[in-house]
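**Student:** Here's the feature list from TrEMBL:
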COILED    640-667  coiled coil
REPEAT    556-589  repeat 'TPR'
TRANSMEM  42-59  transmembrane segment
TRANSMEM  66-87  transmembrane segment
TRANSMEM  93-111  transmembrane segment
TRANSMEM  118-137  transmembrane segment
TRANSMEM  143-171  transmembrane segment
TRANSMEM  191-209  transmembrane segment
TRANSMEM  260-281  transmembrane segment
TRANSMEM  288-310  transmembrane segment
TRANSMEM  322-341  transmembrane segment
TRANSMEM  361-380  transmembrane segment
Amino acid sequence: MLVLLFSLFFTFFTFFQTFTIYGGDGGDLATATFVGGFAHPPGYPLYSFLGYLFSFIPFGTQAWKIGFLSSIPSALTAVGIFAIVYMLTSSKISAFISSATISVTYVFWLYAIVPEVFAINSLITVLYILISLAWYKKQEIKYVYFIALLTGVAFAHHHMIIFLYPSLLYIVLKKINAVKKLKITHYIKSFFIFFLVALSYLWTVYAAYTVKPIIWNNPVNIKNLIFLITRAQYGTFLSSTHFINSITSRLFQFVALGEFYLTDFTLIGIILAVLGLFYLYKKNHHYFYFLLIGFICTGPLFFFYGSYILFTNFNIGIFERFLLMSYVFIAIFLGCGISFVNGYLEKIYRIVIKESSKRVLYSKITISAFFIIPILIFYINVSKLYPLKHDATAENFGRDILYSIDDRAILLVQGDTPVFNSLYIYHTERENYPHIKIINLNKLVAGDFDSHIKKYYPEVIYHYSKKQETFIKRFISENYNVFPIYSVRPFETYIKDAEWVPYGLVFRLYMRKDDPNLDSVIAQNIKLWKHYQNPLSGSLGAYRNLMLSNVLDYYEAASIRLGDVLLKKKDYKNALSYYKKAYEYANDKQNAIYLIASTYIDMKECVKAKETIEKAHTYKSIGSDEDLYIEAQFFLYKFCFNDEKKASELKKKIDAIEEKKKKSLQELIK
């Protein structure tokens, strides 16, 4: 039965498995496994090693090959949920519906088909629950060893398992007498099992010593290895660098959680999950508290601790991938809820319907009706996820970045999306970029790129210094006359005469004496844009998946930059076209639409400017929407309608807002 179920779920996920990278960390994971290195901290050594082995599959793309590290664990997770719900309810149909439901929820389904590490987290959670419940029933030493093994796997994968420990502690305390009977040899064997699995971190040491193209924190010594394992560059006790340390932000996490749970499981599913908790409480208090503690710790408590920034699609995308462990618990509760409702209705049928055959028929019809939940959720999500299968948006973004630079150039990359996407294309299509030198700026400044440059880019002049200003200034100065230097983002070079000139998705560094004229800059930018993909021509044109839509932010920013350059030439018509392009790409529409309005003002098309400003005011954005609206109206009436009286009234409003801001700032300082 379980093998058949695994085959079913595995076939389902494999059918949708993507042939391309998606977004977020996928490019880093795919590239690291392709070159035999390891991914960003904590390194994911087990994933990186297994991914490297999967890379030898003789067909398919690299992204598709390591996608099996998502589809296989997800299929096993679905089977595990079936086993847990069946163990708790003795109902195969309830168990199957619960496993089918989680399989088609948007977040679970997404991370089952793209290259990412989070599907393994879900599997670890399911195995942890199964083993803990098995040990609760029979306190056999083999389950202790299984927990040690699972802890080792989690340590070599993702640290989030620590949020499962409180529920394990609850189970242990309920069987404390069995724990007291454990011998010292049992503890030694358990630690040995944990240690053996944790030795997978040797893969990172090997990769660092052999200087694989993708490594992090250079773990060639104990200090650097600990730095990697503890994620020290992000903050060891921080869930992410994208967080806000305020009680308001922490409480808002609960609102976001509720929205995700309600959207993915539907209102009916959440009601059933609540009823499932009631069912568990009646059936076995210890099961109830064990699972409830697990849910609270991996759901509300984790996100209260994490306090993620939820202002942009990219930030919300970071938030969503950590939902999976709590989804496992909700699916279990949902299955128990279905069993509870069906059991209650069966009691009614016994009273109302006297014929046993009819009672059985009605009972089967009732429980089968719950299949509407996974069917409905599948229908909602399939159009969002199926287009990702062959979607090349993220990869084309990497290609567009590389197309923007000269053949012999140094490209300094920053930011997850451009770094991971461009490096994936660079390494998997290496023959197309034989002389380009891609350098991660953050690694370069941290001193983690010394051996990499010596091995792969010996022609680059490099003298490392811990003093950032001295190092960057010297690195730029010594290489400027040898290689064209580009960057995805402009940064401080500490050189007085240096400036960054926008070229499409990147910037090129020039000394003032070498500055190109404005016409040549515009011509080069237009040439690049003719070659670039339309990022809305793929899946993003139908649905903006959170992580993938971060690509649009870079095309939007580049469109605005070119529009700004065209404005300097007073080429309003073409500037307007690029601002409109930026508006199409924008996830947050306000910036682009106000630029469109401003251009209409410059063109003296006052009615269009007014209509655009009113439209802009309908969008909700980060920051003070009212400030922008009033300021735009001021410029409209001052410089387009030439209505001094109206402009004066608006100016007073602007001054009042500024005064209010000053007072608020002073109070904050006090």
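Our numbering is plain: 1 for the first residue shown, then up by one each step along the chain.
Backbone N, Cα and C atoms are what each Cβ position is placed from, and that goes for glycine too.
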**Student:** Any residues 6+ beyond the ends of the transmembrane segment (260-281) with a Cβ under 8 Å from its own?
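**Tutor:** Residues 88-89, 101, 105-108, 287-288, 291-292, 320, 323, 327, 330, 332-341, 370, 373, 376-377 contact the transmembrane segment (260-281) from elsewhere in the chain.
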**Student:** Would you confirm whether the transmembrane segment (361-380) and the transmembrane segment (93-111) meet the contact rule of 3 or more C-beta pairs below 8 angstroms, pairs 6 or more apart in sequence?
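**Tutor:** Stretch pair touches.
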**Student:** Given the cut-off of 8 Å on Cβ pairs that are 6 or more apart in sequence, determine whether the transmembrane segment (143-171) and the transmembrane segment (42-59) share at least 3 such pairs.
**Tutor:** yes
**Student:** Summarise the repeat 'TPR' (556-589) by DSSP state, stating how many residues are helix, strand and coil.
**Tutor:** 27 helix, 0 strand, 7 coil
**Student:** Averaged across the coiled coil (640-667), what pLDDT does the model get? Just tell me the whole number, please.
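**Tutor:** Averaged over the coiled coil (640-667), the predicted model reaches a pLDDT of 80.
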**Student:** Contact between the transmembrane segment (42-59) and the transmembrane segment (322-341) is defined here as three or more C-beta pairs under 8 Å separated by at least 6 residues; is that satisfied?
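**Tutor:** In this chain the transmembrane segment (322-341) does not contact the transmembrane segment (42-59) - fewer than 3 Cβ pairs sit under 8 Å.
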**Student:** Answer yes if the transmembrane segment (66-87) and the transmembrane segment (118-137) have at least three CB pairs under 8 Å among residue pairs 6 or more apart in sequence, and no otherwise.
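**Tutor:** Checked: the transmembrane segment (66-87) vs the transmembrane segment (118-137), in contact.
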**Student:** Could you pull out which residues elsewhere in the chain have a CB under 8 Å from any CB of the transmembrane segment (118-137), counting only those six or more residues past its ends?
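**Tutor:** Contacts of the transmembrane segment (118-137) (Cβ under 8 Å, skipping residues fewer than 6 from its ends): 47, 69-71, 73-74, 76-77, 80-81, 83-84, 87, 108, 111-112, 143-144, 146-147, 150, 153-154, 157-158, 160-161, 164, 167-168, 171, 174-175, 286-287, 290-291, 294, 298, 321-322, 324-325, 327-329, 332.
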**Student:** Can you say which of 93-111, 191-209, 288-310 has the most Cβ pairs under 8 Å with the transmembrane segment (42-59)?
**Tutor:** 191-209
**Student:** Can you tell me which parts of the same chain pack against the transmembrane segment (191-209), counting only residues 6+ beyond its ends and a CB-CB cutoff under 8 A?
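**Tutor:** Counting only partners 6 or more residues beyond its ends, the transmembrane segment (191-209) has Cβ contacts under 8 Å with 36-38, 43, 45-46, 48-49, 145, 148-149, 151-153, 155-156, 215, 218-220, 224-225, 228-229.
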